[in-house]
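These features come from TrEMBL:
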type	residues	note
DOMAIN	15-78	domain 'V-ATPase proteolipid subunit C-like'
DOMAIN	95-158	domain 'V-ATPase proteolipid subunit C-like'
DOMAIN	176-239	domain 'V-ATPase proteolipid subunit C-like'
SITE	GLU65	site 'Reversibly protonated during proton transport'
TRANSMEM	12-37	transmembrane segment
TRANSMEM	57-80	transmembrane segment
TRANSMEM	92-114	transmembrane segment
TRANSMEM	134-160	transmembrane segment
TRANSMEM	167-187	transmembrane segment
TRANSMEM	223-243	transmembrane segment
Amino acid sequence: MAWEQAEFVKAAAALGAGLSIGFGAIGAAIGEGYAAGEANSALSRRPRFSGNILTTMLVGQAVAESAGIFALVVAVLLMFLGTEGKPILSGWAFIGAGLSMGLSAIGAGIGSGFPTASACHGMVRQPAVSGNLMTLMLIGSGVAQSPAIYGMLVAFLLIFKSYGTAITLPAITSVVGAGIAAGAAGIGPGLGSGLAAGPAVESVARHPEVGPLMTRIMLVGQAVSQSTAVYGLVVALLLIIGVK
C-alpha cells in the first residue's frame, strides 16, 4: 500500500506538470503569434519604422510570454519536487495546481497580444507618440496577466500545503476544484482585459490628446473584467482553507 501511495503521488505530480505547461503554452503562443502577425502588417505600411515596430513587438511578446513562464516554473517545481512521504491527497492537490496554473495562463497570454498589435499599428500612424503607446501597451498587457498570477498563487498554495493522511471525497474534490476555480475563472478576464486594452491603445494613436482619458477608461473596464478572476481566487482559497 505504501508503494502504491508513493507511485500515485509521483504520477500525479507528473500529470500536474503536464497540465500546467501544456495549457499554459497555448495562450502565450497565440498572443505572441497574433502580435507578430499584426507587427508584420504594420511594417508593410511603413517599412522605415521597422526598428520601433520590432522593439514594440518583442516587448509585447515578452509580456505575453510571462504566463507561459509562470506555467513552466510550476511544471518544473512539480517535476523535481520530492514526493517521498507525501499523502495521497497531495497527489490530487498537484493535479489541481497544474489545472490552476495552466488554465489561468490561457486568457492572459492571448489577451496580452491585443494591445501589442494595436501599439504596432499605432506607431505607424503616430510615430511621435510611440512612447505613450508603449507605456499604455505595457499597462494594459500587465493587467491582462493578473489571472495568471492568481493561478500561480493558488498552485503554490496547493503544492506546499500540509495535508493529513485521511482521504475523503470532499477533500479530493476541494483541492481539484480549487485549481479549476482559479484556472477556469482566469480565462475570460485575461481575454477581456486584452480586448479592453487593444482599442484603448488604438484610440490614443488616433487622438493622442485623449491619452489620460483612454487610460482611465481602459483601467476601469479592465478592473470590472478582472472581478470574476477575483471571485475564482476567493472560492479557490476558501476550498483550500477548508481542507485539513
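Glycine too: its Cβ is placed from the backbone N, Cα and C atoms.
Caution: TrEMBL annotation is automatic and unverified by curators.
The model shown is predicted, which means the values in this text are computed figures rather than measured ones.
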Segment proximity, the transmembrane segment (57-80) to the transmembrane segment (223-243), 3 or more C-beta pairs under 8 Å: no
Within-chain partners of the transmembrane segment (12-37) [C-beta distance under 8 Å, separation at least 6 from its ends]: 57, 60-61, 64-68, 70-72, 74-76, 78-79, 81, 83, 90-92, 94-99, 101-103, 105-114, 116-117, 120, 155, 183, 190, 194
CB contacts for GLU65 (site 'Reversibly protonated during proton transport') [other CB atoms within 10 A, all chains]: 18
Structural state census, the domain 'V-ATPase proteolipid subunit C-like' (95-158) (DSSP three-state): 62 helix, 0 strand, 2 coil
Residues in the domain 'V-ATPase proteolipid subunit C-like' (176-239) grouped by DSSP into helix, strand and remaining coil: 61 helix, 0 strand, 3 coil
Structural state of GLU65 (site 'Reversibly protonated during proton transport'), classified by DSSP into three states: helix
Secondary structure composition of the domain 'V-ATPase proteolipid subunit C-like' (15-78) [DSSP: H/G/I, E/B, coil]: 63 helix, 0 strand, 1 coil
Stretch-averaged pLDDT - the domain 'V-ATPase proteolipid subunit C-like' (95-158): 95
